[in-house]
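Everything below concerns the one structure shown next.
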Amino acid sequence: MKVANLLGALALFALASSFATAYDPSPLQDICVAIDDTDSAVLVNGKFCKNPSLYTPDDFSFSGFDVPGNTSNQLRVHVNLVTADLMPGLNTLGVSMARIDFAPNGGLNPPHYHPRASEVLLVLEGTLYAGFVTSNPDHRLFAKILKPGDLFVFPFGLVHLQLNMGKTPAVAIAALTSQNPGVNTVANAIFGASPSIDPAVITTAFHLDKELVEDLQTQEWVNPT
């Protein structure tokens, strides 16, 4: 990844940080490094805090965003989402980031939404079709073809997507306004629910044949992350 791209990603992260506190509760202390061991720990904003005397620089860093993700799957996409689970120093700070790799000719980050975050997307390489759909009753689609250096914002909780339109791999960096934004992929939630949703519900809601619904419910639904 080029230096200019890394600088752009850092700028994107800073932009997300500036309005992140609108969604995650504000912390009552400067930092709270996450820890799974609850002994002698304090619970703040959903994660236990490590003993401050044990903090290290590694708690506040993550390596690997320069490594392409494996896109050899059904969707031909890979999302490397870094939250407080992977970078403990993010705990209570209200931000997270993701690297998204798209295979050429149709790599797809399918329609999904983040229940706890808005998202700003920065394209580093390739050509992406990106957009979001507003909620009831309008369902307006806002979409654009994005080139390297382009930004696109996906508002809080709205269904959005990205598709590689080019003949070469595409790479994007996303900044999200939550340390744990959550991801709900629409198709996975509907057809891959466990236990399965009653086919009659999906048949009526999506105007589909019952046999098609039952077939879709037996298929494997890929998680992009």
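Any Cβ shown, glycine's included, is placed from N, Cα and C.
Going by TrEMBL, these are the annotated features:
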- 1-22: signal peptide (SIGNAL)
- Cys32-Cys49: disulfide bond (DISULFID)
- 63-214: domain 'Cupin type-1' (DOMAIN)
- Asn109, His114, Glu119: oxalate binding site (BINDING)
- His112, His114, Glu119, His160: Mn(2+) binding site (BINDING)
Return only the integer: C-alpha distance in Å from His112 (Mn(2+) binding site) to Glu119 (oxalate binding site).
12
Cα distance (Å, whole number) from Glu119 (oxalate binding site) to Cys32 (disulfide bond):
23
Return the residues near Asn109 (oxalate binding site) by Cβ distance under 8 Å, restricted to its own chain and a separation of at least 6 in sequence.
Leu75, Val77, Val79, Ile100, Phe102, Leu161, Gln162, Leu163, Pro224
Report the residues of the chain - excluding His112, His114, Glu119, His160 - with C-beta within 8 Å of the mean position of the site's C-beta atoms, for the recorded Mn(2+) site, in sequence order.
Tyr113, Ala117, Phe132, Phe154, Leu158, Val159, Pro181, Val183
Calculate the distance in Å between the alpha carbons (Cα) of Cys49 (disulfide bond) and His114 (oxalate binding site), and round it to a whole number.
25
Note down the number of other Cβ atoms within 10 Å of the Cβ of His114 (oxalate binding site), including every protein chain shown.
24
Please determine which of the disulfide-bonded residues listed here (Cys32, Cys49) has the lowest count of neighbouring CB atoms within 10 Å.
Cys49
Alpha-carbon spacing, His114 (oxalate binding site) to His160 (Mn(2+) binding site), which is rounded to whole Å
9
Taking 8 Å from the centroid of the Cβ atoms of Asn109, His114, Glu119 as the cut-off, which other residues in that chain fall inside it around the oxalate site?
Ala98, His112, Tyr113, Ala117, Leu121, Phe154, His160, Ala174, Leu176, Pro181, Val183
Here the mean pLDDT of the domain 'Cupin type-1' (63-214) is 96
Do me a favour and check the Cα-Cα span between Glu119 (oxalate binding site) and His160 (Mn(2+) binding site); whole Å is fine.
10
Could you tally the C-beta atoms, other than its own, that fall within 10 angstroms of the C-beta of His160 (Mn(2+) binding site)?
23
